[in-house]
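The signal peptide annotation in Swiss-Prot covers 1-23, and the record cites sequence analysis as its basis. Annotation source Swiss-Prot lists disulfide bond at Cys37-Cys66, Cys44-Cys59, Cys49-Cys67.
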Amino acid sequence: MKTLCSLLLIGCLLFSYDTPVVGELKHLGMTAETEWCRLFEGFCHDKNCPPPTSHVGSCHPEKRSCCKDRR
């Protein structure tokens, strides 16, 4: 019984926290959003897009706006 409880405790401790791999996957998603914005000749802006630009999407971290010049 002690062995079973010990194995269960070890298993819970191993899977109870975010591993570094999960952090890396979040970073990849952030990079993909930013690269998507720059691919369409946009730029990330902290708040609303400035007047000569338009909102075309979002840059993932902090939900920033992806802005592009109107042409």
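Using N, Cα and C of the backbone, Cβ positions are placed for all residues, glycine too.
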Check the Cα distances from Cys59 (disulfide bond) to each of the disulfide-bonded residues Cys37, Cys49, Cys66 and keep only the ones within 10 Å.
Cys37, Cys66
Rounded to the nearest Å - Cα separation of Cys67 (disulfide bond) and Cys44 (disulfide bond):
6
The sparsest Cβ environment within 10 Å, among the disulfide-bonded residues Cys37, Cys44, Cys59, Cys66, Cys67, is found at Cys44
Which state, by DSSP, holds Cys37 (disulfide bond): helix, strand or coil?
helix
Could you tell me the C-alpha distance between Cys49 (disulfide bond) and Cys66 (disulfide bond) in angstrom, no decimals?
8
Applying a 10 Å Cβ distance cut-off over all chains shown, what neighbour count does Cys49 (disulfide bond) have?
18
Three states by DSSP: which one describes Cys44 (disulfide bond)?
strand
